[in-house]
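Asker: Provided herewith is a single structure, encoded as structure tokens, for subsequent inquiry.
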Amino acid sequence: MKALLDLFKQVQQEEVFDAIKIGLASPDKIRSWSFGEVKKPETINYRTFKPERDGLFCAKIFGPIKDYECLCGKYKRLKHRGVICEKCGVEVTLAKVRRERMGHIELASPVAHIWFLKSLPSRLGMVLDMTLRDIERVLYFEAYVVIDPGMTPLKARQIMTEEDYYNKVEEYGDEFRAEMGAEGVRELLRAINIDEQVETLRSELKNTGSEAKIKKYAKRLKVLEAFQRSGIKPEWMILEVLPVLPPELRPLVPLDGGRFATSDLNDLYRRVINRNNRLKRLLELKAPEIIVRNEKRMLQEAVDSLLDNGRRGKAMTGANKRPLKSLADMIKGKGGRFRQNLLGKRVDYSGRSVIVVGPTLKLHQCGLPKLMALELFKPFIFNKLEVMGVATTIKAAKKEVENQTPVVWDILEEVIREHPVMLNRAPTLHRLGIQAFEPVLIEGKAIQLHPLVCAAFNADFDGDQMAVHVPLSLEAQMEARTLMLASNNVLFPANGDPSIVPSQDIVLGLYYATREAINGKGEGMTFTGVSEVLRAYENKEVELASRVNVRITEMVHNEDKSEGAPAFVPKISLYATTVGRSILSEILPPGLPFSVLNKPLKKKEISRLINTAFRKCGLRETVIFADQLMQSGFRLATRAGISICVDDMLVPPQKETIVGDAAKKVKEYDRQYMSGLVTAQERYNNVVDIWSATSEAVGKAMMEQLSTEPVTDRDGNETRQESFNSIYMMADSGARGSAVQIRQLAGMRGLMAKPDGSIIETPITANFREGLNVLQYFISTHGARKGLADTALKTANSGYLTRRLVDVTQDLVVVEDDCGTSQGVAMKALVEGGEVVEALRDRILGRVAVADVVNPETQETLYESGTLLDESAVEEIERLGIDEVRVRTPLTCETRYGLCASCYGRDLGRGSLVNVGEAVGVIAAQSIGEPGTQLTMRTFHIGGAASRAAVASSVEAKSNGTVRFTATMRYVTNAKGEQIVISRSGEALITDDHGRERERHKVPYGATLLQLDGAQIKAGTQLATWDPLTRPIITEWGGTVKFENVEEGVTVAKQIDDVTGLSTLVVIDAKRRGSQSSKSVRPQVKLLDANGEEVKIPNSEHSVQIGFQVGALITVKDGQQVQVGEVLARIPTEAQKTRDITGGLPRVAELFEARSPKDAGILAEVTGTTSFGKDTKGKQRLVITDLEGNQHEFLIAKEKQVLVHDGQVVNKGEMIVDGPADPHDILRLQGIEALSRYIVDEVQDVYRLQGVKINDKHIEVIVRQMLRRVQITDNGDTRFIPGEQVERSDMLDENDRMNAEDKRPATYENILLGITKASLSTDSFISAASFQETTRVLTEAAIMGKRDDLRGLKENVIVGRLIPAGTGLAFHKARKTKEMADRERFDQIAAEEAFEFGTPETPAAEQTPHTNE
């Protein structure tokens, strides 16, 4: 009996399949699914609670209510399995068939499926070549459509109103046929010959010239070809039979009090059945046409609401005015089937609880409350109890566990040993948000967490909760242990830095112990070893920070590499160190020298220390070392007894004078403003600058006072040493707080921002130590509130960005070791404003070289192409001063579906070459998304203090060398003999003796050059200066000013300052000008020479025209004499807003969405020479003449800044009109490498501003996914249509096929898609549907009869298979190999049998490839 029951318990083996296909069901198909027709709208009898026969819950159609029991109760029990009761007609079987048996409704009149009617573009409209409006009028019985014009002059598919129709009937009689409603549309669809239509469309496409037509035809052709390929008939878009969902999936549940709770679908079905039955009756009664028509329209509307309520017209509502939830609503959106149930399942064997700190744990352990463990490990305990014979049955074992007998606790200990559990803290923003630990049983109800993993989980102990999951199967336990154990995940996958870095009190303790003090107790003593130092310290003979000499034993790598020689040998040397440092030397792992500890350990130093340990000593030693560091840190912090006291916040005495001086300067600016020397805007900018500087100065004075203290040394001399002030130590060590926060405590709070981001010009001069007055407190609240509001909004934004990133990259997995490409990108150090922002070593670390790395001095090859550059390699490269290395990149990887390991390089989370099967796409998405969330949550900590980088107003050299100017640099010499820059994109370079570029600086228009080309300079020399607050307009020629179109009230306004009474002329915006004629004129200056002739541009006919931009303040008068290099007008730069990641996060999203910026700059389309053509109204004409002499014209709005001058040679892709770059232009004109460099640099800029490190390769992976589609330019002999966008791998596969068959392959161009668009245009419809716009995706997929090959991770999660990544990739590979082998064996046997029986073999060509769908 038991065996029999076990048989029933066994789950059926899941079906093995390789793909899922979606299509349209034909009416016959729907009938074949059905188990009977639902004829009545009744559900269940409210008295007997039994389902009504032929109703929506009918047992005859859908199956029995109770297992193995018919409705009337005649047949009960298993023995009647499969019998159909003759009384009630119910089959005796399991009740769960009510979850899978469908019914159907025979519709009295056909009905259009709303998805194919209303999704944009309307599929019905496409196929019929009619407008949506027309089809709707026909379907909803407002108009007739001509089906068959016969001999009449009418056209097929012509629409006519009822009146027209009757007129035409009178005129032509029954020569023609016209219909209304879905029948008419169905006839039209039936009449379409798809093959014929496709042929005509293809030929028309070739012959037509108009862009609009090509677009229209291509769209229609795509839909028709889809029907042709998938074998779906267009008339199936019109329903004749409606399937009915199994009743258990739309349940009706009796509540107490005789009421019922029901699924909305039942209501919707009821309406359909009611209307359908009424319509049948009306047709039988031969009711008047108008009544029937109305009923048909109502049926159409009822079916529409069932399929997608609210898509057309008003949504159907239930009793409580709430719109009913239709079938479409069930699957779409966050609460729909895809995202709620398929991608976000709840799991068994899990629990959650609050976390508390567990400082006594080892890194791989976590404390699990006993009661929780007992519940989670129940099945294992039951099993153990049975095996040990304590309990005979599971029931008895249950009882034992419930009573919590002593034996149960012993067994729990045993079961739990070496059985890892997974801990997860929401939000899981990156892979380290779930890690495995070995549980240690503890009393209490809170989970204990190791302090060092908090950084990875972003956890703290202020009430955070974590979830525990138990891996059940042996394989799961093994994966948890080898891949997810906390001690195996010590690096951040985003940047390869250690994630187990101590923080807060640990750092404080280590820092305190490694500081040195002058004239501490016992200074100058010498000890024979660490144990002696310890004894002296315990006996209070020496202090922790005293300088002493100690003999220290280090374990160093053995030079002797022979057999049996130890790896490490001791080396003893005498070090001048401090007591604390020598005590810490005890925990150094072998292979690290004492010098790494012989300095004050701040947080950054400790991070570097752990990093060094990992690279030199390996994982195991590092983990042990980190644990011991933590223990020491806690112990030392306790011993140190550091605390905070109000008196620690020392306010600098010179604060008063600094603030006083600033106030004087501000007054001076007010006075200048009053007398009209500066504008209100300039005054504001200057005042803000003064207060920023003051805030800095006070802060500096405060830090100077705080950071050192006077002390007497051993010889009795006064000297200063680094301070032991508690607050200073906390900030300096990196334990808590920052200089900015200390400045607010003891310096001055400084400038605050308004909620809109603009800076309030009166700063808070007080600090928290002195206290704020009411006004100051009020201003402070602005910043604090903005911070809190921002946080909430930006967390959501950042989460959405992460979701889009994951969606676009989820199918990118490393699938092979090497794709063998010879392409790559050249990496250089990233230099900005003369400073090396990112060194070359950081950019190439962990990448594979694609060209040999050559020593520049000796020309010998250091590293061959194909070498993975590790730490030692990059250090060597840096030492030799190599400034460019070509490396492989994910962008140029030639693997079709996925990536290869060589192009990706090092797996940053593991520190070695990436494994095949690593889901690098998801890791990249998480690495970029995770800090976004972090940052967005982090803004308000500064309390809104306006931290604005002071604007640069000069450039100075950082290194010695020779000044060189780029070809684009142009300057003129003015009357004072100063060199004034007049080029917009000039750069100054500093080169070393070998002529290698050391730094590069942009020099803005209007700057004064202090050094010229070829000058030898020392570091620190100023190269150029300029006014940062205004942009000048400068003349390159001398002469007499002659104004044109400078008319007051038309193009310029006289601004009279209310305060000063002085007037200036300001150019006004064309949009604000009154009359139409004045909108096109542009105020400008012409110059006249001594004879009153217009000055001409040398070597051309054009006279000099200098235009003024909107907002320019004109500083010259009409008729004034000007010299070369003089300023004609100034444009004030806008008031500065504070920058934090608020600007940053949308910027990142904008880059990844590949949006074209508003006023994008214009790039040169060709290489050639520039000249200016004739200006049209409001636009200037720029002409580029290429090398063949062809001219390319650009029309440019006059207010734009043109960066080129007459006769300049520009290269293709060079910026010619100022403005933000458009990534699509960069891709088109400069190629993939330039595009990737642009996106990577721009994204990195945003993150760098926040001090977040992300490796470039993560961004490159995303860019690869944005480039995964191409646009066909010429289709050759392929199946594509010109202008169609297809998956790159598809394209390449098809071209390979063409080449193999000696046909013409297609040509294509790269296109850049934003991440949302790329996610939606993926080949997998399951993945796209679960992302966004579910209805549209499914509609399209159904018509095209799409097949999803389940390549990505998301599709596989949804269908419930192992994902094709990591161990799953190997599993699927093995499965496929086995299938292939089986198939070959099968074919072989078949062939042998065929040979034996002498039947002719089937030719190979006709054998259909076998796929499991």
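Each residue, glycine too, has its Cβ placed from N, Cα and C.
Here's the feature list from Swiss-Prot:
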- C70, C72, C85, C88: Zn(2+) 1 binding site (BINDING)
- D460, D462, D464: Mg(2+) binding site (BINDING)
- C819, C893, C900, C903: Zn(2+) 2 binding site (BINDING)
- 1393-1413: region 'Disordered' (REGION)
Asker: Nearest to C903 (Zn(2+) 2 binding site) in three-dimensional space, by Cα, is which of the binding-site residues C70, C72, C85, D460, D462?
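Answerer: Checking each of C70, C72, C85, D460, D462 against C903 (Zn(2+) 2 binding site), the shortest Cα distance is to D460.
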Asker: Using D462 (Mg(2+) binding site) as the reference point, find which of the binding-site residues C70, C85, C88, C819, C900 has the shortest Cα-to-Cα distance to it.
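Answerer: The smallest Cα gap between D462 (Mg(2+) binding site) and any of the binding-site residues is with C900.
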Asker: Can you check which residue among the binding-site residues D460, D464 has the largest number of Cβ atoms within 10 Å of its own?
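Answerer: The residue with the densest Cβ neighbourhood is D464.
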Asker: Other than C70, C72, C85, C88 themselves, what residues in this chain have Cβ atoms within 8 Å of the centroid of the Zn(2+) 1 site's Cβ atoms?
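Answerer: The answer, listed by sequence position, is A59, L71, G73, K74, Y75, E86, K87, G89, V90.
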Asker: Quick check: which same-chain residues outside C819, C893, C900, C903 lie with their CB within 8 A of the centre of the Zn(2+) 2 site CB atoms?
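Answerer: Sorted by sequence, the hits are E816, D818, T821, R888, P890, T892, E894, T895, L899, A901, S902, Y904.
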Asker: Could you check which of the binding-site residues (C85, C819, C900) sits closest to D460 (Mg(2+) binding site), going Cα to Cα?
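Answerer: Smallest Cα separation from D460 (Mg(2+) binding site) among C85, C819, C900: C900.
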Asker: Residues near the Mg(2+) site, D460, D462, D464 excluded, by Cβ within 8 Å of the Cβ center?
Answerer: I355, A459, F461, G463
Asker: Please name which of the binding-site residues listed here, C70, C72, C893, is nearest in space to D464 (Mg(2+) binding site), Cα against Cα.
Answerer: C893
Asker: To which of the binding-site residues C72, C85, C893, C903 does the lowest count of other Cβ atoms within 10 Å belong?
Answerer: C72
Asker: Within the chain of C88 (Zn(2+) 1 binding site), which residues six or more apart in sequence place their C-beta under 8 angstroms from its C-beta?
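Answerer: Listed in sequence order, they are R53, A59, K60, C70, L71, C72, K74.
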Asker: Counting Cβ atoms within 10 Å across all protein chains shown, which of the binding-site residues C70, C819, C900 comes out on top?
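Answerer: When each Cβ's neighbours within 10 Å are tallied, C70 leads.
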Asker: Applying a 10 Å Cβ distance cut-off over all chains shown, what neighbour count does D462 (Mg(2+) binding site) have?
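Answerer: Taking every protein chain into account, the count is 5.
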Asker: Under DSSP, is C900 (Zn(2+) 2 binding site) part of a helix or a strand, or is it coil?
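Answerer: Strand, per DSSP.
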Asker: Specify the nearest of the binding-site residues C819, C893, C900 to C85 (Zn(2+) 1 binding site), where nearness means the distance between Cα atoms.
Answerer: C900
Asker: Taking DSSP as the reference, which of helix, strand or coil describes D462 (Mg(2+) binding site)?
Answerer: coil
